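The structure appears right after this line, and notes come after that.
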Amino acid sequence: MVVKLLLEKEGADVNAQGGQYGNALQAAAAQGNNGIVRLLVEKGADINAQGGEYGNALQAGAYCGNESLVHFLLENNAHINANGGQYGNPLQAAAAAYSNNEAVVRLLLQKDANVNAQGGQYGSALAAAAAQGNEIVVKLLLDRGADVKAKGGQYGSALCAAAIHGRDKRMVELLITKGADINAPGGQYVSALEAAVCGGNMAVIKLLLSKGADVNARGG
């Protein structure tokens, strides 16, 4: 193995900083490579080193959806609520994944990840899951106490994220049923209605109007 050769024969610094992923451990985690992650940790890699696209190895592993890798990092004292990186924290990264990442989200919640941690591209794990149209993860987060009215991130709220990316109206309907503020401003859109219009989803637009969306809402 090239990585093992570099570490044992060439004296490579296992914690060298730089590049897209910040360090070798985060790069290996982002690729979901369990073997290399284990080797690097055995050779003294700082499991909580900060920097790079994902902020830390745990967030990288969470985004790639490798449950066993995430479990290994947590067993080796990775900070479950560490801030930083594109998605702000590991839970949001897991919720933002394009594939169904339910298992990793469940694992992080079982290990006491903060379901309402703020920061990152989407502002919250709930908004990230809503943007991806992942109804299973959205329901899971809501069941665990996610704040449906939380503000922040690119879209301002989970409802706006669901409205712009809505593949159907079920996600939007679910969030409204759970108490989302239909006229709350925030993010790059004035309201969920504007987001739905920009997304071109007629079913979502009609739903929002039927629920009392302000058709004349203006930005601040």
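For all residues, glycine too, the Cβ spot is worked out from N, Cα and C.
Nonlocal intrachain contacts for the repeat 'ANK' (20-52), taken as residues 6+ away from its ends with a CB within less than 8 angstroms of a stretch CB, comprise 1, 3-4, 7, 14, 58, 60-61, 63-66, 68-69, 72-73, 76-79, 82, 84-85. Marked as repeat 'ANK' by TrEMBL: 20-52 (among others).
What TrEMBL records for 121-153 (among others) is repeat 'ANK'. Counting residues 6+ beyond its ends, the repeat 'ANK' (121-153) has Cβ neighbours under 8 Å at 86-89, 91-98, 100-102, 105-106, 109, 115, 159-162, 164-167, 170-171, 174-175, 178-181, 184, 186-187 in the same chain.
Here the repeat 'ANK' (154-187) is broken down by DSSP into helix, strand and coil counts: 16 helix, 1 strand, 17 coil. Sequence annotations record features per position, and here TrEMBL assigns repeat 'ANK' to 154-187 (among others).
For the repeat 'ANK' (188-220), the mean pLDDT of the prediction comes to 90. Summarising the annotation, TrEMBL assigns repeat 'ANK' to 188-220 (among others).
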